[in-house]
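Below: one structure, written as structure tokens.
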Amino acid sequence: MTITPQNLIALLPLLIVGLTVVVVMLSIAWRRNHFLNATLSVIGLNAALVSLWFVGQAGAMDVTPLMRVDGFAMLYTGLVLLASLATCTFAYPWLEGYNDNKDEFYLLVLIAALGGILLANANHLASLFLGIELISLPLFGLVGYAFRQKRSLEASIKYTILSAAASSFLLFGMALVYAQSGDLSFVALGKNLGDGMLNEPLLLAGFGMMIVGLGFKLSLVPFHLWTPDVYQGAPAPVSTFLATASKIAIFGVVMRLFLYAPVGDSEAIRVVLAIIAFASIIFGNLMALSQTNIKRLLGYSSISHLGYLLVALIALQTGEMSMEAVGVYLAGYLFSSLGAFGVVSLMSSPYRGPDADSLFSYRGLFWHRPILAAVMTVMMLSLAGIPMTLGFIGKFYVLAVGVQAHLWWLVGAVVVGSAIGLYYYLRVAVSLYLHAPEQPGRDAPSNWQYSAGGIVVLISALLVLVLGVWPQSLISIVRLAMPLM
């Protein structure tokens, strides 16, 4: 297949991030300069974001059989780039106190972002697998970046071994699907899997194994066991990337697969997904109740949020509102998670050993960092789905599509899960306003709001509030991604 200039324009974000990887690699080889390499990474990610405007002008097109660039791909590419940009921004002050090599951190984040962009554009099971591996392999190193801390090293080893096992399930599942259908393209799968073929045992086994592999990457029950330990052990900026860019990119490609290939038409697969969604919502929220570590709490919380999103995915066959629900929910989840993990990153910067992730570290934060406490409160309220926040809009959409698809027991699970979640989110928020302990623990720098990370956190809080009151602009952007499918 010939690559035309139009194709190159469509691939601009991928090409720009790839070029940034090469430039940063050469810069590290030439001379180690933390500020220079951080700046190059941020410039590259910003340039990739700006290039989305030119991609939009080029229109929807297939670029090789592996990728399709359209409104859907642009939306998820934008979300991945925003998460990657925030990760680099939070990482800079954290790395200032880190005595080992700092520069490779940005290189690994950029390579993982490259995998996320590939997933957003994937239109083939081969590009899906390549994208997942490209996003996973750098994360093995990022999770263990604070390798002198036993907890970080343990988390990295655990994530590496379990991720390798999940990838083998995913790859074997793809092989079974190919053996039955004769093609790996999403569109071809949609054409070849009609007339009751989805009930073939070999095909069901293949999709079942793919669900195991993808369920691990998305931290869905019962493939979630790595999540709390890895979130806790990873440096705070890495937990930010794990919770946002990684999950958004993988969920986006799963959604595209469901749109083109009628996987959800199989009653057996729908039942399995419904059980996974129900278990993820209830178990994730129940396990978060007893947590006193904020990163572990947010890890269990992410399990329940992916369960909510799975409800919209199961309801996908009932209409376009499910696509809208996923887009709005993921945007709300992105900004809320960036704000929450951003506060943890600011409190943990510069690197001084373990992160400030104990709930005790945030007790009475309001009395000496009032704006930071207010930001954390807004994020907790949004994650809980309280009205006047973007999290509420996303959760309302999920409930609406659940009702529309008559998924009554899953709607009930969303309501019960949200009620349980309200308790532990408010527990974090209330602790911020209690009397500060006599011997205060870690604290954010006094001028945190003037740092790049502080600005990102403040913008995230502002977006959560503004889009929670007036979500029409976000809904319009999400709808623009839909007609180009």
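Glycine residues also receive a Cβ, built from the backbone N, Cα and C atoms like all the rest.
Because the structure is a prediction, the values reported are computed rather than measured.
Positions annotated as transmembrane segment by Swiss-Prot: 8-28 (among others). Taking Cβ pairs closer than 8 Å, the transmembrane segment (8-28) reaches residues 36-37, 40-41, 43-45, 47-49, 51-52, 54-55, 57-58, 61, 63, 67, 69, 77, 81, 103-104, 106-107, 110-111, 113-114, 117-118, 121 in its own chain, all 6 or more past its ends.
Taken from Swiss-Prot, the feature transmembrane segment covers 35-55 (among others).
The transmembrane segment annotation in Swiss-Prot covers 105-125 (among others) and rests on sequence analysis.
Annotation source Swiss-Prot lists transmembrane segment at 127-147 (among others).
When Cβ-Cβ distances below 8 Å are used as the criterion, the transmembrane segment (159-179) is approached by residues 125, 129, 132-133, 136, 139-140, 143, 189, 202-203, 205-214, 216-217, 223, 225-226, 230 of the same chain, each at least six residues removed from its ends. Positions annotated as transmembrane segment by Swiss-Prot: 159-179 (among others).
The feature transmembrane segment is assigned by Swiss-Prot to 203-223 (among others), with sequence analysis given as support.
Only residues 6 or more beyond the boundaries of the transmembrane segment (235-255), in the same chain, are considered here, and those with a CB under 8 A from a CB of the stretch are 72, 76, 79-80, 83-84, 86-87, 90-91, 94, 109, 112-113, 115-117, 119-120, 122, 128, 131-132, 135, 139, 142-143, 145-146, 152, 214, 217-219, 295, 298-299, 302, 306, 309, 313, 316, 323, 326, 330, 333-334, 337-338, 341-342, 344-345, 348, 351, 355, 357. If you look up Swiss-Prot, you'll see 235-255 (among others) marked as transmembrane segment, on the strength of sequence analysis.
Here Swiss-Prot flags 271-291 (among others) as transmembrane segment, drawing on sequence analysis. Residues 208, 211, 215, 220-222, 224, 228, 264, 297, 300-308, 310-311, 313-314, 359, 407, 409-410, 413-414, 416-417, 420-421, 423-424 of the same chain lie 6+ residues outside the transmembrane segment (271-291) yet bring a C-beta within less than 8 angstroms of a C-beta in it.
Sequence-distant neighbours of the transmembrane segment (297-317) (same chain, 6+ residues past either end, Cβ-Cβ under 8 Å): 218-221, 224, 227-228, 230-232, 239, 243, 247, 251, 254-255, 258-259, 262, 264-265, 270, 273-274, 276-281, 283-285, 287-288, 291, 323, 325-326, 329-330, 333, 337, 340-341, 359, 383, 395, 397-398, 401-402, 404-405, 407, 410-411, 413-414, 417, 421, 424-425, 428. According to Swiss-Prot, the feature transmembrane segment maps to 297-317 (among others), an assignment based on sequence analysis.
The transmembrane segment annotation in Swiss-Prot covers 326-346 (among others). Taking Cβ pairs closer than 8 Å, the transmembrane segment (326-346) reaches residues 75, 79, 82-83, 86, 90-91, 93-94, 236-237, 239-240, 243-244, 248, 251-252, 255, 294-295, 298, 302, 305, 308-309, 312-313, 355-357, 372, 375-376, 378-380, 382-383, 389-391, 393-395, 397-398, 444-445, 448, 451, 453-454, 456-457, 460-461, 463-464, 467, 471, 474-475, 478, 481 in its own chain, all 6 or more past its ends.
If you look up Swiss-Prot, you'll see 373-393 (among others) marked as transmembrane segment.
Residues or ranges marked as transmembrane segment in Swiss-Prot: 408-430 (among others). Sequence-distant contacts of the transmembrane segment (408-430), counting only residues of its own chain at least 6 positions beyond either end whose CB sits under 8 Å from a CB of the stretch, comprise 274, 277-278, 281-282, 284-286, 288-289, 291, 294, 297, 301, 304, 307-308, 311, 314, 359, 362, 376-377, 380-381, 383-386, 395, 398-399, 402.
Under the criterion of 3 or more C-beta pairs below 8 Å, with sequence separation of 6 or more, the transmembrane segment (105-125) and the transmembrane segment (203-223) do not qualify as touching, having fewer than 3 such pairs. Long-range contacts of the transmembrane segment (35-55) within the same chain: residues 9-10, 12-13, 16-17, 19-20, 23-24, 27-28, 69, 74, 77-78, 81-82, 84-85, 88-89, 91-92, 95, 102-103, 106-107, 109-110, 113, 117, each at least 6 residues beyond the stretch ends and with a Cβ under 8 Å from a Cβ of the stretch. Beyond the ends of the transmembrane segment (127-147), by six or more residues, the same chain brings 66-67, 98, 100, 104-105, 108-109, 111-112, 114-116, 118-119, 121, 153, 155-157, 159-160, 163, 167, 170-171, 174, 217, 230, 233-235, 238, 241-242, 245-246, 249-250, 253, 257, 351 to within a C-beta distance below 8 angstroms of the stretch.
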